[in-house]
Structures are given as structure tokens and as C-alpha cells.
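Worksheet: one structure, shown below.
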Amino acid sequence: MFLNIVAGFIIPLILSFFLYKKYPKVIIFLYPLGISIAFAANDWGYQYYWLVAPFHDNPSLAVLPFNFGYFPFICYLFSYFKVKQLMNSNLLLMVFAFVTTCIEYLGVLLDRIHYYGEWNIFFTFLTYLICFMITSFYVKILKIYQVL
């Protein structure tokens with residue numbers, strides 16, 4: 001669980017601080033969305049498709065640091081790139097979905113994440129893609145109302 005706390009919460013928190021200094025609005029408005037998407041996706045996934053080490057009676061306990069650290073971090077990092085228009089939106093979606101899928105696949109290879117049922121890495125990619133599409137839509141709404 002120590003590794004989950006360090007990799008999933010503390011490191012993203014430190015990196016978030018640097019992004020906050022540069023563009024605080026992204027953190028303030030996107031952190032709640034990142035947490036919401038993380039809890040929704042992971043609670044659904046734990047019921048049917050995957051587990052994260054260390055394994056507990058409550059499977060969502062192992063991913064709790066990631067839900068509060070890593071997943072919101074990638075949400076607002078994606079949003080920062082989108083707001084600053086550093087990359088084409090469709091390419092940005094694909095790059096972030098691919099990179100986060102590769103990071104999760106590393107967890108599978110290191111035996112920290114276990115897929116079961118019919119779940120595989122392609123479905124993981126689709127899940128990340130959908131989550132980033134939701135984030136992209138939310139950023140678009142915030143830009144329309146001139147919040148970002």
C-alpha cells in the first residue's frame with residue numbers, strides 16, 4: 001500500500017503543485033471532475049473487471065490514493081494542454097489515452113493490476129479515451145463560459 005500512496009498520491013500531488021503555480025484555474029475546476037471520473041470508472045471496474053494490489057476485502061481501498069492523486073492529475077494535465085492548445089484536440093485525446101494505457105499496462109506487467117472476465121488492455125484504452133472525451137467536453141463548456 002506504501003507504493004500506491006507514493007506513486008498514486010504523493011508524486012502527483014507534488015507535480016500538481018507546480019502546475020498550480022502556473023495555471024491555478026485548471027486545478028481548481030478540474031480536480032473535482034478528475035476525482036468523480038476516477039471513482040465512477042474504478043468502482044464500476046472493481047465490480048466486474050479488475051483488481052489492484054495489495055488485495056483487500058474492499059477492493060477500492062488499494063486504488064484510493066490513485067483516485068485522489070494520479071487520476072485527477074492526468075485529468076488536469078490533459079486540460080492544461082487542451083486550454084493552452086499545445087496540440088490538436090484529437091491527437092491530444094489519442095496521446096493521453098495511449099500514454100495512460102501504457103502506464104496501466106506497466107502495472108499489469110508488474111503484477112500490480114489484475115484483469116479478469118473479458119477485460120483487456122484495449123478496453124482499458126477505450127475507458128481512458130472516453131474519460132478524456134468527457135474531460136474535453138467539460139473544458140469546452142468552461143471555455144464557452146469564459147471560466148478558463
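The first residue you see is number 1, and the count goes up from there.
Just so it is clear, glycine is given a Cβ too, placed from its N, Cα and C backbone atoms.
Among the features that TrEMBL reports, transmembrane segment is placed at 6-21 (among others).
Long-range neighbours of the transmembrane segment (28-49) within the same chain, counting only residues 6 or more positions beyond its ends whose Cβ lies under 8 Å from a Cβ of the stretch, are 59-60, 63, 66-68, 71-76, 79, 115-119, 123, 127, 131, 134-135, 138-139, 142, 147-148. Annotation comment: TrEMBL describes 28-49 (among others) as transmembrane segment.
Under the heading transmembrane segment, TrEMBL lists 61-79 (among others). Beyond the transmembrane segment (61-79), the same-chain residues lying 6 or more positions past its ends with a Cβ under 8 Å from any Cβ of the stretch are 1, 4-5, 7-13, 15-16, 19, 26-27, 30-31, 33-35, 37-39, 42, 46, 51-55, 92, 96, 100, 131-132, 135-136, 138-139, 148.
Per TrEMBL, transmembrane segment is recorded for 91-109 (among others).
What TrEMBL lists as transmembrane segment is 121-139 (among others). Same-chain residues lying 6 or more positions outside the transmembrane segment (121-139) and placing a CB less than 8 Å from one of its CB atoms are 30, 33-34, 37, 41, 45, 49, 75, 78-79, 82-83, 89, 93-94, 96-98, 100-101, 104-105, 108, 115, 148.
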